[in-house]
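According to TrEMBL:
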COMPBIAS  1-14  compositional bias 'Acidic residues'
REGION    1-31  region 'Disordered'
COMPBIAS  15-31  compositional bias 'Basic and acidic residues'
DOMAIN    17-68  domain 'BHLH'
COILED    65-92  coiled coil
REGION    119-141  region 'Disordered'
COMPBIAS  132-141  compositional bias 'Basic residues'
Amino acid sequence: MSMSDDDRDIDIESDAEKRAHHNALERRRRDHIKESFTNLREAVPTLKGEKASRAQILKRTTECIQTMRKKINENQKDIDEIKKQNILLDQQIRAMEGGMNGDVYPDLLSEDDVCSDDVEDEDLELPDSSRRNKKMKTFHA
């Protein structure tokens, strides 16, 4: 079966349209990738406002993620330690309240002891090297 000249013109237009459509899709894809790298660069504090290659953006983003994961782990350890301290303090409070009701610890704590503001920043420390370690003052019977 032979194609007429009209059929060939339609095929050429059809091929040209397909190619143009493909080119438009590819251009849109590249623009999306470019925009994504721009957004990523602006999201990373060490790259914000700087010119950087895609490789630099990926490298610094990876470093940033690793740093953030480390901080999250450190913060979770701090949270766990503070929860343990809260449990200990709650137990001590209950023991002291129970003891005071039974007069086992009369006048052990005065209002000044309970409500004093004499805890200084030097007494509070945090585990991270950039912060001070918090040490809780606890009651030991």
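Using the three backbone atoms N, Cα and C, a Cβ is placed for every residue, glycine included.
Mean per-residue pLDDT, taken over the domain 'BHLH' (17-68), amounts to 95.
Per-class residue totals from DSSP over the domain 'BHLH' (17-68), listed helix then strand then coil: 42 helix, 0 strand, 10 coil.
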